[in-house]
Amino acid sequence: MPWRKKSRSHQPCPRQVDDLNPVQPPPDGGSIAWTQVFCMHFVFFNSWGVSNSFSVFQQLYTSTLPQSSSEIAWIGSVQVSLLFFLGALAGRATDAGYFRLVYTVGAFLQVLGLFMLSLCKTYWQIFLAQAVCMGLGNGLTFSPALSVMSSYFSRHRAVAVGLAAAGAATGGLVYPVLIDRLLYIHQVGFGWTVRAAGLVMLVTEIPGLILLRPRFTTRAPTGPLIDWSAFKEPPFVFFAISMFLNFWGLYFAFFYLGNFARDRLGVESTLEFILILNGVGIVGRVVPSLIGDQVTGKLNILIPISLASAIVIYAWIAVTDPSGLYAFTVVYGLVGGAAQSLFPATATTMTPDVRRTGTRLGMILSIVGFATLTGPTIEGELISRMGGSYTGAQAFAGSSILLGCFFAVAPRVAKSGWKLKVKV
């Protein structure tokens, strides 16, 4: 019998291997699942909590550095945008089985960036430490941890994300108070103030490093960094456009609220506005998520939240005294926090295969990254060009969010048509 090359037809392809090991439904609870939520709370605490506190740094740098407000805003916008931009890469690495490596490197960069910031004296040193190093760390921890946590939940996913996202609010309370007390009350200096914040971050990184556990131990089939088939799905495309427009204006208040209170209203101490903005965000992040899970569906609650955010930003134009600003801060803290929480919870539903959650989520995060990179800077430039008036920037932020609200309706219609009583 002549020699023949051994056939490999009996060997299953990666897709066949997946078919032989069907994905089990998420546990939607249990000690391990809720432990992931606990850990994710601290991931939000150290990424979004610091980013939501940037108004404190914006005021400090504006008064001590020669750069303009729009130039200083690049520090915060690059930090936030890198969190989003690295989403596709970090999400794909998570799907491929490298979660532990990616997350550990990210946590190290977060802490390193904050401690290096304590040594900085010039704008570019601050930019490299706070924007680049911490931004890279945020990107390498947030998307992987979120995709891991989301894989444990289905019906209660929005509640899980809401409880985790409350960490952005608690971080937005702890870091500004810590910085204000040490820097202005106890006057220990910028260096030791930031080192103290770095110690808080180091301690709160430990739970995630130890307890975050990917649900899938086998690696997903290798493939491209970008799942191009997603762009053939109307719900995914319209949702990505909607979130780009929403986040183009969403962070304006988080970056410039303190400056507005000081420059336009003459308020000397602006810390309380920042604390209120972040504090009421705890309610805003949890309650709408609970309603979305139990009653309306995630996308159905995100649409009116987006509309409310736009209306409140427009109303900000009419604020002329501190009492009006207090009212704006409370309401926007609720709806802005809700939008931040509902966005990732809804984004994780834009794929039918939970093993591809990291890749799809990362793609949406990367798209939104362009919005967070340019939005605060555009708004800062509008303030400068209008002689310190915030009206143009407020109109830009409100209009972009409103347009994003309209685009959010499209994936809802694509999924369920024009029927109103459908949970989406």
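One-based numbering along the chain as shown.
Cβ from N, Cα, C; glycine included.
Database features, via TrEMBL:
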- 1-23: region 'Disordered' (REGION)
- 72-91: transmembrane segment (TRANSMEM)
- 98-117: transmembrane segment (TRANSMEM)
- 123-146: transmembrane segment (TRANSMEM)
- 158-178: transmembrane segment (TRANSMEM)
- 190-212: transmembrane segment (TRANSMEM)
- 236-257: transmembrane segment (TRANSMEM)
- 269-287: transmembrane segment (TRANSMEM)
- 299-319: transmembrane segment (TRANSMEM)
- 325-345: transmembrane segment (TRANSMEM)
- 357-375: transmembrane segment (TRANSMEM)
- 395-414: transmembrane segment (TRANSMEM)
Residues from the same chain, set at least six apart from the ends of the transmembrane segment (72-91), whose C-beta lies under 8 A from its own: 47, 50-51, 54, 57-58, 61-62, 65, 102, 106, 123, 126-127, 130-132, 134-136, 138-140, 142-144, 147, 225-226, 251, 255, 357-370, 372-377, 379-380
Segment proximity, the transmembrane segment (190-212) to the transmembrane segment (98-117), 3 or more C-beta pairs under 8 Å: yes
Positions on the same chain near the transmembrane segment (269-287), where near means CB under 8 A and six or more residues out: 49, 52-53, 55-56, 59, 159, 162-163, 165-166, 168-173, 176-177, 180, 253-254, 257-258, 261-262, 325-326, 329-330, 332-338, 340-341
